[in-house]
Structure formats: C-alpha cells, structure tokens
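Student: The following feature annotations were taken from TrEMBL:
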{"type": "DOMAIN", "residues": "1-88", "note": "domain 'Chorismate mutase'"}
{"type": "DOMAIN", "residues": "93-268", "note": "domain 'Prephenate dehydratase'"}
{"type": "SITE", "residues": "T261", "note": "site 'Essential for prephenate dehydratase activity'"}
{"type": "DOMAIN", "residues": "278-353", "note": "domain 'ACT'"}
Amino acid sequence: MKDLEDWRREIDRVDGEIAKLFEERMHIVEGIARYKQANGMQVLDSAREDAVISKNLGRIEDQGLKEYYRQFLVEMMNISKEYQKAILNIGEDVAYQGVRGAFSYIAMKRLFKDSPGKPYATFEEVFSAVSSGEARYGVVPVENSYTGEIGEVFDLLKRYDCRIVKTYNLKIDQNLIGVKGSRIEDIREVYSHPQGFLQSEKFLKGRGWKQVDYGNTAASAKYISEVGDVNKGAIGSVETARLYDLEVLAENINTTDNNYTKFIVISREELRPGSVFSLLITTEHRMGELARIIKSIERYGYNMLNIKSRPIKDIPWEYYFYIELEGDVVKAGDLLRELEENSKYLKVVGSYSR
Ligand SMILES: O=C(O)C(=O)C[C@]1(C(=O)O)C=C[C@@H](O)C=C1
C-alpha cells in the first residue's frame with residue numbers, strides 16, 4: 001500500500017502541471033484583457049462563461065466530480081476576471097449613487113479628481129459594487145446638517161463587508177434653476193429630491209409652486225433641460241445647472257447657510273491607522289447595558305464624537321448603535337476586546353482621519 005508521502009509526491013507532480021497550465025492560461029487572459037480594452041468590450045462575458053463550463057464538464061468522465069469541477073471552473077474564471085480588471089486598472093473605479101451632476105457626483109469628483117466615477121441607482125448597489133470588488137471605492141452621503149442622518153446607509157454598513165476609509169463634508173448650496181430665458185415669475189412647477197425641497201423650505205413657502213419629487217437633483221435638472229419649458233424649474237447646485245446648460249434663477253435658496261452633507265468613502269480595504277474610528281454595536285435589551293459600553297469608552301479615555309441608534313429591522317423595538325470615537329483603531333485593541341465581551345454584536349466599520 002502507498003504511504004502518505006507517495007500520494008503527496010503524486011499530488012506535487014499534478015500541481016506542477018497545473019501551475020504551468022495556470023500561468024499559460026493567465027498569459028492568454030492578459031491578451032484577451034488588452035484586446036477587450038482596445039475594442040471597448042467589457043471583461044465579463046456570461047455567454048462565454050456558460051460555454052466554457054458546459055464544454056469542460058463534458059470532458060469529465062467521473063460523474064461524482066462534475067459538480068466540483070463546475071465550482072473549479074467558476075472560481076478559475078473569477079480569478080481570470082480579477083486579473084483582467086487589475087491589468088486594466090478597472091478596480092480603481094469609484095461607485096456613487098445617482099447620476100452625473102448630483103451632489104454625490106460632486107463629492108466623488110472632489111475626492112477622486114481623475115476618476116470618471118460609476119453611477120448606481122441605489123445606495124445598496126454602491127455597497128454591493130464595492131463589496132464584490134466591482135468598484136474599489138464607493139461614495140455615499142450619511143448625514144445632512146439640516147435634515148439629519150440617512151439611516152439606510154448605516155444599515156448597509158452593518159450588512160455589507162465594507163469599511164469607511166474617509167469622510168468628506170460638502171457644503172450644499174441649493175439654487176433655483178431653469179431653462180435659458182426663463183424668469184422666477186414664469187415658474188409653476190419645481191422638480192427636485194425631497195431633501196432639496198426640505199433644504200429650501202423657507203424660499204418655497206407661499207409661492208404656490210407644485211413640488212415634484214423627481215428622484216434626485218441632477219435627474220430633475222436633466223429633465224427640465226430636456227423638456228425646455230420655462231414654467232418648470234429645478235432645485236440643485238450651480239455645477240448641476242452648468243452641466244445641463246441651465247440658468248440659475250435664484251442663488252443660495254437653502255434655508256440655512258450652514259448646510260453641509262457628510263459623505264463617506266467606503267472600501268473593502270483592511271482598516272488603516274487613523275484619528276477617528278467607528279463601531280456598530282448591539283447590547284442585550286437590559287437595564288444598564290449601554291451605560292456599561294459608554295463607561296468602558298470613558299475608562300479607556302476615548303472621546304465620543306457621535307452616537308446614533310437605529311432599529312434592528314427584524315427585532316421590533318430593539319436597536320443597534322453607531323458610535324464614532326476619536327483615536328487610532330490600531331491602538332484600541334484593549335477597548336475593543338472589552339466592548340466585545342459586553343456586547344451581543346460588535347463591528348468596526350471605519351478608521352479615517354479628520
Ligand atoms: O473569453 C473571454 O472573454 C475572457 O475574458 C476569458 C474568461 C475566462 O477566463 O475564460 C474570463 C471572463 C469572461 O467572463 C469569460 C471568459
């Protein structure tokens with residue numbers, strides 16, 4: 001009977017052949033990546049992947065191995081796509097929610113000057129793109145200084161494998177914009193995002209204009225520029241007006257001049273040292289549990305910059321907390337261990353600098 005060493009010698013021989021074939025395959029893949037780039041084709045070709053799988057499964061004689069081989073092929077092509085994206089620098093893409101010209105786009109451009117950005121329809125799609133590696137970074141708003149937090153983003157931080165690596169405060173100046181040649185007196189209907197209306201509440205009050213919620217400020221601007229109707233206005237930034245060749249009819253119509261939106265940059269990268277870190281935490285639903293957490297933070301000498309509570313969706317009337325602390329996460333091992341012992345769930349969701 002063969003002993004383990006004999007079997008392992010055989011594995012080594014087969015692995016040696018696989019290594020050569022792997023290199024050969026990846027060199028071919030490199031050629032394909034460059035061909036696709038030159039011809040404006042995207043990396044993923046699902047029909048070709050299906051064909052690769054069915055052709056190769058036909059080559060497997062041992063029925064019991066087919067499902068394993070299918071998994072092997074899928075993984076092999078995932079690696080192939082990852083390699084192609086790395087060669088073509090596609091992973092550098094920055095995902096944002098909305099369309100060109102929206103505030104998220106403006107924040108993204110200020111943070112990543114050279115990136116054209118990749119627009120996604122929803123916040124969840126941005127998180128999904130980042131956690132799957134389709135985009136290297138994502139830019140999403142978390143809070144407006146006037147209208148408050150965007151709760152959904154905190155829920156997504158809990159669900160997806162993404163971390164905050166940077167934050168950015170964008171000053172929001174809302175403006176009434178209209179098509180070329182229109183005047184304030186012509187306006188009958190205004191298009192915007194609900195936040196745009198809320199932030200311009202005082203300016204809009206008593207004017208009797210119909211307010212139409214149109215998804216986001218940039219889509220609203222795009223729409224009025226397409227219909228070209230002097231009676232239709234939109235609320236948005238000066239940049240958005242410029243992008244869609246519109247005129248600013250009234251500047252700075254936001255109710256407060258101190259209107260900022262805080263954006264976060266999310267990534268799958270490992271936590272880096274920083275001057276602020278943030279946690280999501282849930283405790284037992286008992287008296288004094290949250291106080292215990294806060295006392296630990298105080299005992300270790302961390303300044304708490306922010307604490308928010310959000311409902312745990314599948315357990316009515318129970319909450320998780322988002323906590324932001326001043327300090328370097330890399331040096332916070334002892335605190336984190338103590339918090340973990342005293343909580344039901346703990347996730348470090350960000351480390352960044354102010
Ligand atoms: O054939 C292609 O188009 C490739 O890019 C190669 C490959 C593969 O590794 O086999 C990788 C990605 C595509 O989705 C399909 C197949």
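Positions of Cβ are set from backbone N, Cα and C atoms, glycine also.
Curation plays no part in TrEMBL annotations; they are all automatic predictions.
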Student: What's the number of neighbouring CB atoms sitting within 10 A of the CB on T261 (site 'Essential for prephenate dehydratase activity')?
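Tutor: Taking every protein chain into account, the count is 23.
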Student: With DSSP as the yardstick, break the domain 'ACT' (278-353) down into helix, strand and coil residue counts.
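Tutor: For the domain 'ACT' (278-353), the helix, strand and coil counts are 23 helix, 30 strand, 23 coil.
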Student: Could you put numbers on the helix, strand and coil content of the domain 'Chorismate mutase' (1-88), residue by residue per DSSP?
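Tutor: Summed over the domain 'Chorismate mutase' (1-88), the classes give 72 helix, 0 strand, 16 coil.
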